[in-house]
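Pulled from Swiss-Prot:
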REGION    243-288  region 'Disordered'
COMPBIAS  267-283  compositional bias 'Basic and acidic residues'
REGION    352-382  region 'Disordered'
REGION    514-533  region 'Disordered'
ZN_FING   684-709  zinc finger
MOTIF     897-901  motif 'LXXLL motif'
DOMAIN    1089-1294  domain 'JmjC'
BINDING   H1133, D1135, H1262  Fe cation binding site
Amino acid sequence: MVLTQQENLSVLVGQRFVCLLGKDLQVDPDTVSKWPWKSGIVRAASHKDLHCPEIKIFVEYDDESWENRTWLELYGPTVKMFLVEHNLVLADHASPSNPSVSVQCPAMVYKVLVGKFSLGSTACLQFLGEKDKVFLSKELVKPVRDRETLKQFMQDNKTFNKAFQELIRKSVDESRLLQAARNIISMPINVYSMDPSMQWFSGTITNVRTASRALEIKCEQLPSLKIIDPALLHVVLVHNYGDQNDKSKKPRASKRKSQDTESEDQTEVKQTRNEEVPSKDVTQKTSFLTYRRDDGKTLVVVDNPKATTNNLFNYMTPATEDQQKVQQSLSSKQSVPVGFGETLLGCAATTPGIQNAATPPPANSPPSFGAATPQGKGSQNLPGDTTVLNGDANREETNLFLSAAASQGNKRSMGFGIMESPSTFSSLSTMPSWSGQPNSENGLKSENLFAAFTKSSTVFPKGFEFSVKSFPEQKMLSVTDSPKTALQKTCVPQQEQNVIRKPENNHTSVKAIKPQEPPYTKSPNKTDGVTYPKSILLNPQKLKRLQQSGDCFVQDGSCNNIAPHLHKCRECRLDRFGRSREQRDSAVFCRFFHFRRLHFNKHGMLKEGGFLTPNKYDAEAINLWLPLASSVVDLDLDTAKYILANIGDHFCKLVMSEKEVMSSTDPSKQVAWKRAVRGVREMCDACDTTIFNLHWVCPKCGFGVCVDCYRMRKKSLSSGEEGNEMFSWLKCMKGQLHEPENLMPTQIVPGKALYDVCDIVHSVRGRWGIKSNCSCSNKHMRPVSKPVVKEEVKPSTPEPEPIKSLLAQPNVCTVPDPPAIPNKPPTPACSSPLSWLTNFPQTIVNKENKDNLFASTSKSEHKPLPSFASFGKPVSALQTFGSSILTPTTSNNSGFLRNLLNASTLKQETSDKSTPKILDDIFASLVQSRPLSDFDRKPQGLPIQPSLMGFNTPHYWLCDNRLLCLQDPNNKSNWNVFRECWKQGQPVMVSGVHNNLNSELWRPESFRREFGDQEADLVNCRTNDIITGATVGDFWDGFEDIPGRLKNDTGESMVLKLKDWPPGEDFRDTMLSRFEDLMNNIPLPEYTRREGKLNLAARLPTYFVRPDLGPKMYNAYGLITPEDRKYGTTNLHLDVSDAANVMVYVGIPKGEHDQDQEVLRTIQDGDADELTIKRFIEFKEKPGALWHIYAAKDTEKIRQFLKKVAEEEGHENPPDHDPIHDQSWYLDNILRKRLLQEHGVQGWAIVQFLGDAVFIPAGAPHQVHNLYSCIKVAEDFVSPEHVKHCFCLTQEFRYLSHTHTNHEDKLQVKNVIYHAVKDSIAILKANESSLGKL
């Protein structure tokens, strides 16, 4: 485990540095320590990109007044050396307790950022707790890899403790600010002032912009400052932990007291007290502090918790009273709340008395500290130190994070991070943190710091957990339902449309604040109306029967309401840290809801009774997963066959992988069944991937991990590489690690429905003659081998007749056969008009294509720039190879060539069904890459050929006959022609869409009029800098007026992009009229509409969380000048889903001359073909954007090429970052030529004109360069042809860092595949009676 200050050195602001300055400085390389080093801290920066040669930083120097601060040109001639703090290491140092002895001490090592002199083998270090920098040999510096290395040193050194705590606080706060986490909304901050008269000014965060990572603030000292970027200006969070500024009260000593319980293996509890007596005339407010970690996880701790009058070990409560309170709690209204950050503190239950306890008053004033605030002198309580409490004699001895268990006789539950049994670091369970005394700089106290090292981590401060140990005048912690103060309000960020069970990585958290209006209102939640039957415990007769019989029943409410004294799931423990009562009472958040079984013991106490098993489903649960034609909407027979033919093999692979995992589980472990919950997306707590079926769950807290994360963890443990995993695992209730062997295998699909559906798929494909190339051993109607489901009995509820018939499949209990190696498909017996092509040697085709690829490229590199006059030639008919080979050989217009070939081979045996697939591949090779003659290269106009592909489908070909362009967006046959190219992974363009749109809705004036006052994130396309303090109106004012654009520091008009606007909300909710206008006129509605029959996302039942597929707007100025050709409006990237991007408006700005000539040169430089140029010159169409799209199969070649270029330029390639997913590259003409020459990768150069819709396949890398100012709208969809790319990309995105927007799996590809197949076979089975008539 290496403890790193940050994930990377991407941000300098707030970091400490060591530098060497002087233009003519001369140094002795042998005396590095005697060089005139200067140290300090970076307060501001001019650019985010550290590699920008013009970057300047604003610094303060140590041992100098802050007024002597200055700007430094980082890569200028004055800066000879510049080192910044990097990570924590160990090095030899004199022992603090015995200077004559040398020990391994922790130190911060500095990394060279600018080095014009060589340090050789010398490293710069700063030992924690010391100010001086030292220079040691790198051989003496060791990384912190062992948890035990700091244990003894931490116990003995108070100075180190304080410095280490400060390091943790600083890193966590920086991470929260730089990531613009929503849990910092309403928090007070100190912002560094550039005004020479003051160093800091204070403010409050009113909102965050997660896309640009900017903060919206309110500052009374500087009202004009509304938006700041913490990556450019130093910002410090101000924590309100209690009364720390009241100088009239002196700190008193504190006392640690241990008490033993009646249980022999009770963990020793150490309690820390703070004796300050708060004023009685101040109203107390309970607040909840949240910390955002570098890995995106959220920690929640309690500030000023409520006190209790109950004795610490007063566990016993009459059963009748307990049941009465449970019934009262269950009567609350249910609602679906917003997701919150996960609490990593172990949480034991509290007695009802504790929940109703009074609340002591708060501290008088919050602290104010920042990077430059001197350290306080508050006292600290170190392990082993015993102090005397000089307080009120009547006060109780309490531990703030100790909570009594409500279960009768359960005296071992200590809660809140206190280990239930002695552990490796049990002696340090009360390790102090930032002192709560008035003079202390920090107010937070931490639990055992070594518990932080028990969690797998690769980056500091991942794995570090925080809790509060002591506050002024606080008694035992009471976690209550909600703050009872009448004036107190809760600021709740806007809810998502559905609940996502991923609390650790959710940006939302709740923090009690002073009475004020929330920064933005909460939108209604679609699942607010979801209701569940009342708990069985509310029925007196049923409750009595259950108590007498001891029968098990399913938990039908949240843990807090049903079983507060039993193990609580992670969500219910978080519920007690700040949700309103209505939110807490919602059972939908509980991970044990309809999952865990309970029963009453002989004493009438509620106990755990295990979990549901796969055979315990009911009709409602199983119907969601079975192919029932009555539940299928908007799916016809032909479409069902097409979908099954395209994704049936992927479904089989999905089932085979599930079977493989199931067969590898421990036979002695019972598989649990977790039923799907409406409006909840089950996600892996480690990698954020949506969980489809099999996963592993902790029976104590509900922590769940996917199959891949489980395997990775087991592999790392078995190989002894613990701590090196890509994904860290959260800890269990009381700080214990989650061990793989303690997790239980769990499935979501009930019973054997998954394997039954797989049987039906093979049966249906055989009956309907649908081609299949899956590797299943039961490919030809053989029953699938189903894993054994233990305790297989009849379901308790009767099944409907359709279910019984569908599930009436033989159950063969065998291990799945290994995947069969498919043999080469035999040649069909009959011959078709082009049957000779089936034996055409594809290797020759590929070789010929490759040879001519370079030949055609070399010829096109030196094409002269055509003039306007050169395009005045007469228009003649365009005859392309694509049109001739795809024209049917007969006069029958009913279908094109592939339909003809399919019809000729349909009567053959099953072995003959591979012919169309072979022809598809050959057509793809021939159409994409055949040698181009001079005739093909010559532009011959843009004719409309009504019968070109067997349909009345007007179209033509671009990109040297490699790009299909459909000319009539309303043609009903478009989708038949479209899918022939689409299935080959080619992009497609549809022109003329703007003729159907309401142009008034898409004009810049309409947007300026409706939304001009909204604040927005503007991006400088030339520098990628974020422009703060701007409005939507500022952007639209310069859309078609260059002099009216915002200017940079040098007075030059900026090329801006309006990023992620409208933000957050559904496009339909924000711009309903535009949404309807687009959806009513978007081409190929079978694919692009939300309910399109070929949009597989529409197959996902409303029971599930639907993926957000748009529409999304992309608005940006044009990059016109020759220097702008190296910049991209949108850099090279790829998307997990297919997309249709429509150019709805092109604005030609005023104020510049010869724009047409510059645009023409840019189009020519972008490798556009002559037909494209003809559209611009002769037909006077408005070009909007230049696209470069590459085939998905070439992604890895492009990735390796960009990594090689990055290494050549001296850039790093971190393992959790990706040159394509990072969107950090734009391939200009030089790079595109290198890519073609070195890797043979050629893309499609497409100019998108007004009204053009560009269809981009999933997984296809693409980039965009705006020629003029553009308004584009994109709609995503999931097509059957590209599901395989969606699935592969989901796996890729797992390995991205948590800061990537694509890291989270929002598409749910496995769920989409399953339900699309399920609906398809339901339609096919319902129409089996018509088979004889075909």
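Placement of Cβ uses the backbone N, Cα and C atoms for every residue, glycine included.
Beyond the ends of the zinc finger (684-709), by six or more residues, the same chain brings 502, 504-505, 567-571, 573, 591-592, 611, 654, 657-658, 661-662, 672, 674, 726-730, 732-733, 738, 740, 742-749, 754, 1290-1291, 1294, 1298, 1303-1308, 1310-1311, 1314 to within a C-beta distance below 8 angstroms of the stretch. For the recorded Fe cation site, residues H1133, D1135, H1262 set the reference point as the centre of their Cβ atoms, and the other residues of that chain within 8 Å of it by Cβ are T1130, L1132, L1134, A1139, I1256, A1260, P1261, Q1263. The Cβ of D1135 (Fe cation binding site) has 20 other Cβ atoms within 10 Å, all protein chains considered. Of all the binding-site residues given, namely H1133, H1262, the one with the smallest number of surrounding CB atoms inside 10 A is H1133. Assigned with DSSP, the residues of the zinc finger (684-709) fall into helix, strand and coil as follows: 3 helix, 6 strand, 17 coil. Looking only at the motif 'LXXLL motif' (897-901), the predicted model's pLDDT averages out at 38.
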